[in-house]
């Protein structure tokens with residue numbers, strides 16, 4: 001009789017244990033989600049993450065290799081260390097001051113023709129600084145020259161020069177490297193010519209500005 005009661009006792013204990021384990025496994029972890037949603041990131045952490053520094057950035061390969069338009073590249077983008085972040089003055093921009101190259105293997109495909117893995121070199125940034133923007137430097141240089149008093153005629157000539165292209169809308173958000181733009185008229189045209197495409201046994205698609213395989 002005692003033996004039977006002992007087995008019943010252990011059986012009930014085992015059932016209770018497995019039942020509680022399933023309940024705990026099915027229930028969401030209380031506190032973790034609430035803590036993440038209500039967490040306030042400290043100011044210094046936010047500030048340190050925003051400063052100008054090299055950060056991992058996904059870069060379109062065609063941005064660095066615009067002449068490879070006849071190929072399909074896989075992957076089409078790569079992770080590189082590039083300068084990013086904020087500067088405390090709108091007249092400054094985050095630019096690289098130290099560079100180095102890294103070589104990566106990229107697959108190059110020609111539809112219905114061939115495919116091969118090819119080493120390609122990419123530039124990475126190891127050090128960044130906040131420095132005056134290009135248009136800011138132009139304004140500062142013109143102001144410095146005017147202060148030296150080179151004559152009213154030369155002042156007027158310098159004053160007429162403005163970097164017009166800063167007001168032009170980009171030709172294409174995704175494929176800027178395939179277009180060239182007139183800084184005065186903002187007119188867009190294909191960077192590659194039909195003769196260049198034909199030299200590679202391709203033809204120019206004027207809509208996409210890419211060298212493509214001739215249609216039959």
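Just so it is clear, glycine is given a Cβ too, placed from its N, Cα and C backbone atoms.
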Of 96-117, 118-139, 140-161, the range Swiss-Prot labels region 'Disordered': 140-161
Among 128, 130, the most crowded of the disulfide-bonded residues [Cβ within 10 Å]: 128
Spatial neighbours of residue 101 (N-linked glycosylation site) that are distant in sequence (at least 6 apart) but have CB under 8 A: 121, 122, 123, 124
Residue 130 (disulfide bond) in three-state DSSP notation: strand
Separation of alpha carbons, residue 52 (disulfide bond) and residue 87 (disulfide bond) (Å): 6
